[in-house]
Number of protein chains: 2
Amino acid sequence: MTMILNDTHDPSLTSWVDSANTPDTDFPIQNLPFCVFRPRGSGQAFRGGVAIGDRIVDLAALGDAVDGAARDAAVLGARDSLNDLMAAGPQAWSALRLALSRLLRSGATPRPHLLVAQADAEYAVPARIGDYTDFYTSIHHATAVGRLFRPDNPLLPNYKWVPIGYHGRASTISVSGQTFTRPRGQTRGPTDAEPSFGPCKRLDYELEVGIFVGRGNDAGEPIPAGQAESHVFGLCLLNDWSARDVQAWEYQPLGPFLSKNFATTISPWIVTLEALAPYRAAWQRDAADPQPLPYLDYDSLRASGGLDIELEVLLETATMRREGQTPARLSQSNFRHSYWTVAQLMAHHTVNGCALNAGDLLGSGTQSGPDSAEAGSLLELTVGGKQPLTLPNGEQRVFIEDGDRVVLRGWAAAPGRPRIGFGEASGTVLPAR
Amino acid sequence: MTMILNDTHDPSLTSWVDSANTPDTDFPIQNLPFCVFRPRGSGQAFRGGVAIGDRIVDLAALGDAVDGAARDAAVLGARDSLNDLMAAGPQAWSALRLALSRLLRSGATPRPHLLVAQADAEYAVPARIGDYTDFYTSIHHATAVGRLFRPDNPLLPNYKWVPIGYHGRASTISVSGQTFTRPRGQTRGPTDAEPSFGPCKRLDYELEVGIFVGRGNDAGEPIPAGQAESHVFGLCLLNDWSARDVQAWEYQPLGPFLSKNFATTISPWIVTLEALAPYRAAWQRDAADPQPLPYLDYDSLRASGGLDIELEVLLETATMRREGQTPARLSQSNFRHSYWTVAQLMAHHTVNGCALNAGDLLGSGTQSGPDSAEAGSLLELTVGGKQPLTLPNGEQRVFIEDGDRVVLRGWAAAPGRPRIGFGEASGTVLPAR
C-alpha cells in the first residue's frame with residue numbers, strides 16, 4: 001500500500017463531537033468511514049456522509065468548510081452514490097479524510113450544523129455496484145466445508161494456488177436492516193428419488209468482509225499486486241446468505257446460483273484502508289505452503305499483507321426480541337486468517353484482463369478462523385446440521401429460523417489505539433410466501 | 001406468451017426502404033429489431049434505433065412521425081440505453097413496433113430523413129446490464145463436455161431438473177466488433193506437478209443466445225413461468241469466450257471465473273419475441289425425461305415453448321483476411337434444441353425471490369445440437385482438443401489462434417416467410433500482452 005503520511009491516525013486526537021471520544025465507539029476521529037444516507041422519512045436525496053461518534057458529517061452540507069482537493073472530493077462524495085468519489089483515487093480520498101479530521105478535531109470550531117444524528121438517518125447501498133464477486137479466502141472454511149462434501153479430500157488441489165472466486169448477484173445486495181422472505185427452491189435429500197420444491201430448510205449466513213473497488217482498470221490492463229491497494233476504496237461487512245439445501249443440489253458443475261442470489265447484506269459503512277493502516281498484519285502461511293506465483297507476490301506481502309480485523313456474528317431470535325434478551329454471539333473470527341490478501345484478490349481478478357469499475361464489490365468469502373468455534377457459518381458450527389447449537393436462553397438452532405436476525409460486527413483494536421469499527425450488517429428472515 | 005394481435009407479421013408486407021425487401025436481408029419489415037447506435041465518428045450521443053433493411057430508423061429523430069403510446073415508447077427508446085424502454089413493458093414495445101411497421105410500409109410516405117445507413121453507424125451495448133447470468137440449456141453440450149471431464153458420468157443428476165446457471169461478468173460485455181487480448185492465467189496440465197502462468201493455450205468460443213430482460217420483478221416476487229415471456233424484451237447473439245485451460249484448473253468448487261470474465265461479445269441487435277412469434281417450436285423432450293416441477297411448467301410449454309432459430313459460427317483467420325478468402329463455417333445449430341425454454345429460465349431465476357431488472361442479460365449457454373457437427377464450441381468439435389479441424393483453405397485449428405475473428409450469426413426462416421435475422425456478433429483475438 002502507498003502509505004499517505006499524515007497525522008489522522010494519531011491516537012491522541014479527540015473530537016469536539018463528544019460521542020466520538022468514548023472508548024467503545026466504532027467511529028472515533030481516527031476512523032471516518034463513508035456511507036450514503038439521508039434523514040429518515042425526509043424524502044430528500046441520498047448523499048454521502050462520514051461517521052463521527054454517533055453523528056454523520058453530511059458531505060452535501062460541507063460547502064466551503066473544506067477547500068482545495070478536499071472540497072473537490074466532497075463534491076463527488078455528496079452525490080447519491082459514492083462511485084465518483086471512488087473513481088477519483090487515493091489522493092482525493094486522503095485529502096478529504098485529512099480535511100475532515102482537522103474540521104472535527106478538538107480545538108477546531110464546532111460546526112454542529114454539518115451533522116446528522118445516526119439515529120435519525122436511513123442508509124442506502126453506498127455505490128451502484130456494477131459487478132459483485134465473491135471469493136473463498138478462508139482456508140479453514142474451505143477445509144471445513146470440503147470435509148462435509150469430500151471427507152477424504154477436503155481441500156482441492158487448486159486452493160493454495162488460485163484465489164478461488166465466482167460472480168455473485170448485484171441486484172439483491174442491500175444495506176443493513178434488510179429483510180427478505182425465506183427463499184424457496186429445489187432440493188433433493190440423499191435418500192430422495194426425485195427433487196422437491198419448497199421453502200429452504202437449511203438457511204445459513206456467511207461472515208465476510210466486503211471490498212469496494214475505487215479506481216478501476218481498463219479491460220486488458222491488469223492491476224499488479226504491488227499497486228492493487230491503491231485501487232481499493234475501503235472495506236465493509238458482508239453477509240452472504242446461503243440456502244445450503246438448494247446449494248447442494250444445484251452447484252454442480254457451475255457453482256452456486258439460486259442458493260446465494262436471493263439476498264446479500266452489507267454494512268452501510270465503508271472503512272478506508274488508510275484508517276486501517278495501523279492494523280496491518282503478517283500474511284498467514286505455513287512453512288509447507290507453496291510460494292505464490294509471481295503475479296500474486298508483492299513486497300509488503302509477508303510483513304503487512306493482512307489486516308487484523310475482529311469479526312463477530314450475533315443472533316437475535318424472535319423470542320429474544322420479544323423478551324428483551326441480549327442477542328447471542330455465535331462466533332468470533334479475524335480477517336488476518338485469510339489465506340489470500342486484498343491485494344492478491346485484486347491482482348488475480350484482473351490478471352486475465354477483466355475490467356474492474358469503481359463501486360464494484362468483492363466479498364472475501366466466509367471468514368472462519370483456525371478453531372472450530374471461530375467458524376463463520378452455521379454449516380460449520382453445527383457440523384453440517386448434525387450438532388444443534390444451544391443458545392444462552394435455551395433455544396436451539398441448526399440453521400436460521402423465521403424471524404431470526406443475524407448481525408455481523410467488525411472492528412480493529414489494539415492497546416493504546418482507538419477502535420476502528422465497521423458498525424454492523426444486520427438482516428432478518430421473514431417466512432416464505 | 002401473451003400474443004399481441006396485429007398485422008406486423010404479415011409475410012406480404014414490404015417497405016419503401018428497398019433493401020428491406022431483398023430475400024437475404026436479416027431485417028425485413030417483419031423483424032424491426034432494436035439497437036443503440038450513433039453515426040460513426042460523429043461524437044453524437046448514442047440513441048436507440050430499429051433496423052430496416054440496411055438502414056436504421058433513428059428513434060431520436062421520429063418526433064411526431066408516430067403518436068400516442070408509440071411516441072411515448074419512442075421517447076424512452078431514444079435514450080442512450082434501452083433500459084427505460086425495456087422497463088415500459090410489452091404494450092409499449094408492441095405499440096412502437098406497430099407504428100414503425102406502418103411508417104415503413106410500402107404505400108406510406110417515404111421519410112428517408114429518419115434513416116441512418118448501417119454502414120455509417122457504430123453501436124453500443126444496447127442496455128446498461130446490471131447483472132449477467134449464463135445458463136447451460138443445451139443437453140447435448142452438457143453431455144459432450146461432461147464426457148470429457150467424467151467419461152463414466154457425463155450428465156450430472158440435477159441436469160434434467162434444474163436449469164443450471166451461474167452469474168457472469170457484466171463489465172466485459174461488448175458489442176460486435178469487440179477486440180480483446182488473449183487472456184493470461186494459471187493452468188496446470190495433467191502431468192504438471194505445479195501450475196504455471198502464461199497466455200491461455202485453449203481459447204474457445206461458445207455459441208449462445210442472449211436474452212434481455214424487459215420489465216423486472218421485485219425481490220421476493222417470483223415471475224410465474226406462464227407470465228415470464230411478457231418480461232422478456234428480446235433476444236440477441238452471444239459469444240461466451242472461454243479459456244478452457246484456465247477453466248479446468250480454477251472451476252472447482254465454485255464454477256468458472258477468470259476463464260470467462262475477460263470478454264463476452266453480443267450482437268448489437270435485439271430481436272423481439274413478437275417478431276419471432278411465427279417461429280415458435282415444440283419443446284424438446286424424450287419420453288423418458290422427467291416432468292418438470294410445477295413452477296417450471298406452463299400451458300404453452302409443449303406446443304410452443306421453444307424457438308426455431310438457426311445459429312451459425314464462422315471463423316475468419318488472419319490468413320483468410322489477408323488473402324480475401326471467405327470465412328469458414330465451423331458449425332450450425334438451432335435454439336429449438338434447448339432443454340429449457342426462455343420462460344423456464346426466467347421462472348427459475350426468480351423462484352427464490354431473486355430480483356431481475358430491466359436490461360439484465362441471460363445467456364442460454366452453448367447451443368449444441370444433437371449431431372456432433374452441430375457443436376457450439378471448439379472443445380466439442382475437436383473432442384477436447386484431440387482432433388484438429390482442417391479449414392477449407394488448408395489451415396488447421398484446435399483452439400482459437402491470435403488474429404482469428406469468430407462470427408456468430410442467427411436467423412429464423414420458413415418457406416413463404418421473410419427471414420428474421422439477428423445480424424452478427426463478431427470478435428477478434430489479439431496476442432497476449
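Every residue, even glycine, has its Cβ placed from backbone N, Cα and C.
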Among B:THR8, B:THR14, B:THR366, B:THR382, the candidate listed by TrEMBL alongside B:TYR136, B:ARG150, B:GLN247, B:TYR251 for substrate is B:THR366
Of the candidates B:ASP120, B:ASP152, B:ASP192, B:ASP240, the one that TrEMBL places in the Ca(2+) site of B:ASP134, B:GLU206, B:GLU208: B:ASP240
One of the binding-site residues B:TYR136, B:ARG150, B:TYR251, B:THR366 has its Cα closest to the Cα of B:THR264 (Mg(2+) binding site), namely B:THR366
So if I measure Cβ to Cβ from B:TYR136 (substrate binding site) and keep only same-chain residues at least 6 apart in sequence, which ones fall under 8 Å? B:ALA142, B:PRO163, B:ILE164, B:GLY165, B:GLY365, B:THR366
For the Mg(2+) site built from B:ASP240, B:LYS260, B:THR264, further residues of that chain with CB within 8 A of the site's CB center: B:ASP134, B:GLY168, B:ARG169, B:GLU206, B:LEU238, B:ASN239, B:TRP241, B:SER242, B:ASN261, B:ALA263, B:GLY363
Looking at the binding-site residues B:TYR136, B:ARG150, B:ASP240, B:THR264, B:THR366, which ones have a CB within reach of chain A, meaning under 8 Å Cβ to CB? B:TYR136
In angstrom units, rounded to an integer, how far apart are the Cα atoms of B:ARG150 (substrate binding site) and B:ASP240 (Mg(2+) binding site)? 23
Of B:ARG150, B:LYS260, which of the binding-site residues has the most Cβ neighbours inside 10 Å? B:LYS260
Measure from the CA atom of B:GLN247 (substrate binding site) to the CA atom of B:ASP240 (Mg(2+) binding site) and give the result in Å, rounded to a whole number. 13
Write down the Cα-Cα distance for B:GLN247 (substrate binding site) and B:LYS260 (Mg(2+) binding site), rounded and given in Å. 8
